[in-house]
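Chemist: Let me give you the structure first, and then I'll get to my questions.
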């Protein structure tokens, strides 16, 4: 009985896929990073001829692009907010330059379709963009070798100081005049034997 249900499920999935009811617009990669900026891609169906694409940052309209066809198939593009964009047959890409952590937020693409009729409004895709500060990473890259070199130098200096101090302490304890042991002078054995011969 289970193989029957799995076959029915696979068959229904293939029918949805072939008829285009499966919406793959939300499965695209929305954010990509280029040269210190962020590219936000909003996809739409290729059959759309006239559209209005809006990029929302939370509830604020950040970018607004309208593509219409006039007489003689002339394409008119209006970009009242002067957002840098790139338009293709099935997507609009908006560019946010000099991305920093203050631009991290929830972004949403909203599509209004004028042609082909009927008029439709869709929220296509959304995602949360979190930008980490890259300057902190660069500072860490600089300070990491400097910190390691300073640590090695301090360790080397400490070892040299300990060895020097140990040698100094050893030398001072050997020649200490206040020691209870007296230094013995070297005795010449030849003189000793002569003295021994005189007494006998």
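Residue numbers in this text run from 1 along the chain shown.
Backbone N, Cα and C define each Cβ position, glycine as well.
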Chemist: Scan 146-166, 167-187 against Swiss-Prot and say which stretch is down as transmembrane segment.
Modeler: 146-166
Chemist: Using a Cβ cut-off of under 8 Å, list the residues of the same chain at least 6 residues beyond the transmembrane segment (146-166) that approach it.
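Modeler: Apart from its flanks, the transmembrane segment (146-166) reaches none.
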Chemist: Pull out the recorded positions from the set 83, 89, 123 whose C-alpha sits within 10 Å of the C-alpha of residue 109 (disulfide bond).
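Modeler: So the list is 123.
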Chemist: Going by C-alpha distance, which of the recorded positions 42, 63, 83, 123 is nearest to residue 89 (N-linked glycosylation site)?
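Modeler: It is 42, whose Cα lies nearest.
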Chemist: Looking only at 89, 123, the glycosylation sites on record, which one has the least crowded Cβ, with the fewest other Cβ atoms within 10 Å?
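Modeler: The glycosylation sites 89, 123 were compared, and 89 has the fewest Cβ atoms within 10 Å.
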